[in-house]
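Worksheet: one structure, shown below.
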Amino acid sequence: MANSLDSTSTTPHPNADGTTNNTIIETMLDLEEIDRDLYRSKKLWVPMGARGVFGGNVVGQALVAATNTVSSEFSVHSLHSYFLLPGDHTTPILYHVERVRDGKSYCTRTVTAKQRGKNIFVCTASYQVPRPGAPSHQYPMPNVPHHSTLPSQEELIHAMIENPKIPENLKDFLRLRLDEPVALEFKDTKRHTFKELMTPEVRTDQSFWIRCKGQLGDALALHQCVVAYGSDHNLLNTVPLAHGSSWFSRRSGPSPKITMMASLDHSMWFHCPFRADEWLLYVCETPRSGCDRGLTFGRIYKEDGTLAISVAQEGVVRLQPKTPAPAATVEAPKL
């Protein structure tokens, strides 16, 4: 039996009036099957200021397509992908799945995403029949404030809009941010003053709590696709922090201006079952940047401290400094 996200309870059936109770994230991941191993996107999202479709949108949908062709006894353990061209939200993306290998313990799928006859994305995912109980080890989860003690991203934005010290043009930008169809909730583990947002401290790491909005079904495959979607959020933003810049400070202040950011590749390793509708801690680090590229690593922990997912990403990060400066050397984060 195929591990189909469409044939299980992970995608609710329409109500009598034609509506559904799907969460935002399920809508973003939903695909139309148009032939064997061939799927078409239904919903694509372009974040504010982005050159094309949100990368996580494409990664998540590609994993949905691949998973729909795999037996239910298998679970994805890794994926490796490349972004080739920006996605156009006005044209559906076609996902073609190649069944590379079907073994007893592992199977492999390659997904090619196309628009207007051109490859825009390619991804290879490997699946395993899980073997719980095998010896294991992990990096410990950092000691950070609990999510229950932290304000949400929406609460912070509302507070900034109501702050009389915030320039009106910045408030207009923040109002637009609130209107975006963001499928996830975020809580930064650091509390930032307005001054700190305008001139971020130079650091090579950041962490935040993350979960999807709404309640999901119990199928692990859906939760894996949701985290694949969410893992592209904010990870590459760690690179500008190493230069004292951020999406917020680039609009004013002395920090280097971000002129372009785009994902080049994205890899994930799934270590154990988890729920994407429960709070997860996303720890992001960047060991190196240069040549207009930045390298980042991420670790996603369950609330009980279990390391559930590891992530790696390289992307285009073009910074325009106020004055030429030598390469920055920063202290490595403590694990």
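Heads up, the Cβ atoms here are built off N, Cα and C, so glycines get one too.
The region 'Disordered' annotation in TrEMBL covers 1-22. Residues annotated as domain 'Acyl-CoA thioesterase-like N-terminal HotDog' in TrEMBL: 45-127. Feature annotation from TrEMBL assigns domain 'Acyl-CoA thioesterase 2 C-terminal' to 201-316.
Mapped onto DSSP helix, strand and coil, the domain 'Acyl-CoA thioesterase-like N-terminal HotDog' (45-127) counts 13 helix, 39 strand, 31 coil. Applying DSSP to the domain 'Acyl-CoA thioesterase 2 C-terminal' (201-316) sorts its residues as follows: 18 helix, 53 strand, 45 coil. Averaged over the domain 'Acyl-CoA thioesterase 2 C-terminal' (201-316), the predicted model has a pLDDT of 93.
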